[in-house]
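This report concerns only the one structure given below.
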Amino acid sequence: MNQLNVSTVIKVQHISRYPNLLFSIFGLVTNFFHFFIVLKTMKTNPIFKFLMLICVLDWIFITITATKELIDIINYIDHKLCLGFINYADVYWNTIVRYVNKCVMATGFWITILMGFIQIVAIKNHQKPIWNQKRSTRISLLTIVLFFVFFFIEATFQLILFSQLPFQSCLHDQNSRLARLEIMDWITVGVIVTERLEDIIYDIKIVPIIVLFIWLRIIRKKAIEFGNIRPLLIMSKSTDYQNALNSFFSLSSGPVAPVRNKSIMTSGTPRA
């Protein structure tokens, strides 16, 4: 790739950062409202614990993304033709951002899948509720810890590998990395194994999604009968969520009548 093409690519990347930054700021504002709405409904049903976790994870992801876009815009002023890392601080910053975002995305996605299966279990055992606040909190914390530990280990291996490569500012030298991976030692094994496990984490998710979709379609009538169709339709079907939403916006527009939905119970428990 000649210098003209490189310059064009970098300019396009730089221009795209501005709308990305604006979208991130918009996401922070909307997520701010959603956070307080979920906070008001969290105590009514254990499933809202998971929604709160997803909301916080979204907040972390958007905040980091917005910060990275802003820093990249500032760095472009002094390093307009920079393809690689500016310095070692830039290396550590981008590595942290990359793997924190990966951890957040993986945790959020698998928590959403867990929500679906938990609701299925609740529907099948509607006469004996088995989910409570304590159990939901425990599952949330366990999921966070598992993914955090994994991506921390992967990031550590990547940084160790990078420290053994020749470093030159603003030079993206993929050949040196590939050559280093040809040397089979514990660092190479760690990098390869964690990268393969990461691929599995993201690729295998299609299986539970298909199973969840089919299973929910099968028990859909039963779910409606016992007022437990959440979380997939929580925004439109949960009276807890709808009343909290109305209450939040009524602060500026006056009182709003609570939502009444005969088919969906506010507590998520079966009708007598």
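Glycine is treated like the rest: Cβ placed from N, Cα and C.
Unlike curated records, TrEMBL annotations are generated automatically.
As annotated by TrEMBL, transmembrane segment applies to 20-39, 46-66, 99-118, 139-161, 200-219.
When Cβ distances are compared across the two stretches, the transmembrane segment (46-66) makes no contact with the transmembrane segment (200-219), since fewer than 3 pairs at least 6 residues apart fall below 8 angstroms. With a threshold of 8 Å between CB atoms, the same-chain residues lying at least 6 positions outside the transmembrane segment (99-118) that come near it are 47, 50-51, 53-54, 57-58, 60-61, 64-65, 131, 139-140, 143-144, 147-148, 150-152, 154-155, 158, 198, 201-202, 205, 208-209, 212, 216, 231-232. Listed as Cβ neighbours of the transmembrane segment (139-161) (distance under 8 Å, sequence separation of 6 or more from its ends, same chain) are residues 49-50, 53, 91-92, 95-96, 98-100, 102-103, 106-107, 110-111, 114, 118, 177, 180-181, 187-188, 190-191, 194-195, 197-198, 201.
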